[in-house]
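A.B. asks: The structure that follows is given in the form of structure tokens.
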Amino acid sequence: MRLESLRIRGLRCLEDVVVPLQPGVSVFAGANGAGKTSILEAAFLLSHARSFRSGAKDALLQRGADALSVFAELRHEDGQVRRLGLGRQGARWEARMDGESVSLSELVGECAVVCFEPGSHALIAGGAEERRRYLDWGVFHVEHEFIGAWRRYQRALKQRNSLLRATSTVPEALFLPWEAELDTTAAVIDHLRALYLATLRPHIEQAMAGLLPELGAVEMKYRRGWADDADLGELLASQRPRDLARGHTTMGSHRADWQIAFEHAPQREHLSRGQEKLTALGCVLAQAALYAERRGEWPIVCLDDLASELDRPHQAAVVEQLRSAGAQVFVTGTEVPEALQAGPAQVFHVEQGSISPLL
Ligand SMILES: Nc1ncnc2c1ncn2[C@@H]1O[C@H](COP(=O)(O)OP(=O)(O)OP(=O)(O)O)[C@@H](O)[C@H]1O
């Protein structure tokens, strides 16, 4: 799939810009703080309904503005063109597709954007939440039952947590329906996550063999969020006193995690910062390749600040791989990365929130 145009209003320093986009590689070059990452953020928003940068969603809204919006024309591999829109007015987010109001998940299901950026090493070195988000985005795009089970799980979790925090004693009977719901939906979520990781595995192995051959074979581990040999429903009942003391549910799908280890770097601490970044990049590329295999088209791939994140041979190898796969790729940098100068690319100059194409 590819974006044919992107219109961004009220997002950080981008007051109102229109970016006409071509297939293949587009480079956004400009000084620090010019607004390059914000362009990738806009594309990513259409596919995740959140930014890849940490911090409150409020920071996305241009200072002094009361609304932000991102519109795009998205062309699928089969020629179908969709008009996508995501806007925020006050605290309310609204998604549109071909002029009709749609749910955020419908919008996100239509458009796939993956991003490798300076914060991506958190996928390897950071907390479990980042890895769950990565996993769930992938599962959501290939397994249609996932979203329903995930929503039901989140609702039950919220209800159980509010009972756990109630100031007066709550009768056991009030816990039971939510615990039963958590048990049922966690089984679906766990099954789909494990299945997804198993399908992802060959793509991860292939990506890591290309990016980090010196680290040897890859091992992936998945923890579902409660003991392997236990029944979640029973655990929730037996551990209720502990959860009451802590004020939240301490086991379940919301505590799942997964990890990558290498033959020659069995622990995360054995990886250099650069190797962490390459591992994260491998995960992003593997997820994109699996998406392409399952959905018949590549997601849009954003590579933020490429030249400062990777050495030159890795920059060239990654862009060449994506180019030959036919993916649309957005790259940012203070200059056009040297590794990209050999092949065709559309180049934009970004300056204080304005974007102009360079010939
Ligand atoms: N909510 C906001 N309202 C207005 N301006 C903002 C807001 N949030 C960030 N900015 C500014 O918008 C610009 C956007 O920066 P962005 O991260 O997109 O730049 P960049 O070109 O990627 O920079 P760098 O090369 O330093 O990473 C910065 O100058 C920042 O100070």
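Yeah, the Cβs are placed from backbone N, Cα and C, and that goes for glycine too.
Not measured: the values here are computed from a predicted model.
So TrEMBL has the following annotated:
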DOMAIN    3-335  domain 'RecF/RecN/SMC N-terminal'
BINDING   Gly30, Ala31, Asn32, Gly33, Ala34, Gly35, Lys36, Thr37  ATP binding site
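A description of the local structural setting of each listed feature is requested, covering burial, neighbours and distances.
C.D. replies: DSSP classifies Asn32 (ATP binding site) as coil under the three-state reduction.
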A.B. asks: In this structure, which of the binding-site residues Ala31, Ala34 has the fewest other Cβ atoms within 10 Å of its Cβ?
C.D. replies: Ala31
A.B. asks: Taking ligand 1 as the reference, state which of the binding-site residues Ala31, Asn32, Gly35 have a Cβ closer than 6 Å to one of its atoms.
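C.D. replies: Checked binding-site residues vs ligand 1; flagged Asn32, Gly35.
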A.B. asks: Check the domain 'RecF/RecN/SMC N-terminal' (3-335) for me and report the mean pLDDT.
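C.D. replies: Residues in the domain 'RecF/RecN/SMC N-terminal' (3-335) carry a mean pLDDT of 95 in this prediction.
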A.B. asks: So around the ATP site, Gly30, Ala31, Asn32, Gly33, Ala34, Gly35, Lys36, Thr37 aside, which residues have their CB within 8 A of the centroid of those CB atoms?
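C.D. replies: For the ATP site the neighbour list reads Thr332, Thr334, Val350, Glu351.
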A.B. asks: Between the binding-site residues Asn32, Thr37, whose Cβ has more other Cβ atoms within 10 Å than any of the rest?
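C.D. replies: The residue with the densest Cβ neighbourhood is Thr37.
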A.B. asks: Compile a sequence-ordered list of residues in the same chain as Lys36 (ATP binding site), six or more apart from it, whose Cβ lies below 8 A from its Cβ; state 'none' when nothing qualifies.
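C.D. replies: Long-range Cβ contacts: Phe28, Ala29, Gly30, Asp304, Thr332, Gly333, Val350.
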A.B. asks: What are the non-local neighbours of Gly33 (ATP binding site), defined as same-chain residues 6+ apart in sequence with CB under 8 A from its CB?
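C.D. replies: Result: Cys13.
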